[in-house]
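Novice: If you look up TrEMBL, you'll see 1-186 marked as region 'Phosphopantothenoylcysteine decarboxylase'. According to TrEMBL, the domain 'Flavoprotein' annotation covers 3-172. According to TrEMBL, the feature active site, proton donor maps to C154. According to TrEMBL, the feature domain 'DNA/pantothenate metabolism flavoprotein C-terminal' maps to 183-392. Marked as region 'Phosphopantothenate--cysteine ligase' by TrEMBL: 187-394. Annotation comment: TrEMBL describes D276, K286, F322, K336, K340 as CTP binding site.
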Amino acid sequence: MINITIGVTSGIACYKALDVCSKLKKLNFNITVVMSEKASKLISPLLFQSLTQNKVYIDMFDNDEIKVSHIELAKNSDFVFIISATYNLIGKIANGIADDFMSTFISACNPKKVTFFPAMNTNMYLNPILQDNLEKLTKYNYTIIKPVSGLLACGDNGIGKLPDVDDIVDEITFIINKTYKYENKKILITAGGTIENIDPVRYISNKSSGKMGYSIAKISALNSAEVTLISTTKTLKVPKGVNKVIYVNNANEMYDAVMDNIQNIDYMFMVAAVSDFRIKNYSENKIKKNDLKDLKLDLELNVDILKKISEIKPRNFKLIGFAAESHDFVENATKKLESKNLDYIILNDISKSTIGFNSDNNKVVIFNKDKNMIDIKENNKEIVAKDILDNIIF
Ligand code: PMT
């Protein structure tokens, strides 16, 4: 089990640490809490103790153990997160002051495993002394997660706010799960269903939510790839570590965005569900109900983005297509593999509502150039993404 120590100091936002502990506990981490003396006046240590089922450390001399507890805890902590880190604590650690349990504990830890989440009033955060101290901590391999901007407890509006609990948990799980497996790999990913407008109000699209593409982006970034995501949806949270996001609406915009970002890539995952056709007679004005009875929609073919890319010569990257099939699965998918000259095609069964389009789960089969197949079992899209990437990126 991974041992996480959460350091809680006396910033107003430290109440969020309770929720963070509870969420991390549910993810099966072993959590121990260290509180500064002042933080223990703001929140009862008992709350943390009951949430984590572990002793809460506050006082250097409240030691019922034979071993030196701050050193033992430093040795036993795989990761340390300080939520929130005050001006005072940052100043102490950056300048080698260790005068209570919290500061001696942090000083005894390898800096590489310690992450600070600073939170304070905007003027305090922007104070050059604090900024120097943060720089110093970074230089010594501590990790700093910047606060966000917003309304602060003191009534000011500006930078200094502790991120929301879910964002803190995302940061923490990212740090814990990060690997360097795909370091130096440049990956381009498309996600979501394209939208072809009929008039300013109506459009033709499909059921793609973007979840599969975002999952591929998330797992690529988690493993240190350089990720560019071209997305038709703004409703999904951009995964941590994704380097660039470009939002597009229709197939033509997606094609342009792909062409603008294809230089020097190593892999392209064309996960988006691109509309094969668009409206020929787009109406600048909203079509009135009375006109609808005689309305005929003229359609014209969209560019086949994948096919166009496959014609790039020389092609120094692997091209991966996704096939959404409702029947004759293998035959249809392998036809696309050949006709679009792909390195791999990922066959998606969209005949069931529990997998594929707009679902949290998927079940796919990977075909390589030689039509050898690898069956990936049904799972959450993030696990499916991991399985796909593990079989394609070497
Ligand atoms: O977004 P989700 O809700 O998570 O759902 C994920 C998914 C089921 C949409 C996804 O996993 C998937 O199967 N994506 C491919 C959808 C699709 O358009 O399949 P297709 O068989 O019509 O196209 C084959 C390939 O050609 C695809 O990679 C597609 O992006 C590409 N294509 C298609 C048409 C076109 N004009 N240009 C293209 O590049």
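Note that Cβ sites are derived from N, Cα and C of the backbone, with glycine treated the same way.
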Novice: Check the recorded positions C154, K286, F322 for any whose Cβ is under 6 angstroms from an atom of ligand 1, and report them in sequence order.
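Specialist: Within range of ligand 1: F322.
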Novice: Could you please provide the mean pLDDT value for the domain 'Flavoprotein' (3-172)?
Specialist: 94
Novice: Since the record lists K286, K336, K340 as binding-site residues, which of them has the fewest other Cβ atoms within 10 Å of its Cβ?
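Specialist: Candidates: the binding-site residues K286, K336, K340. Fewest Cβ atoms within 10 Å: K286.
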Novice: Are there residues of the same chain, six or more positions away from C154 (active site, proton donor), whose CB falls under 8 angstroms from its CB, and which are they?
Specialist: N121
Novice: Among all chains shown, work out which of the binding-site residues D276, F322 has the most CB atoms within 10 A of its CB.
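Specialist: The residue with the most neighbouring Cβ atoms within 10 Å is F322.
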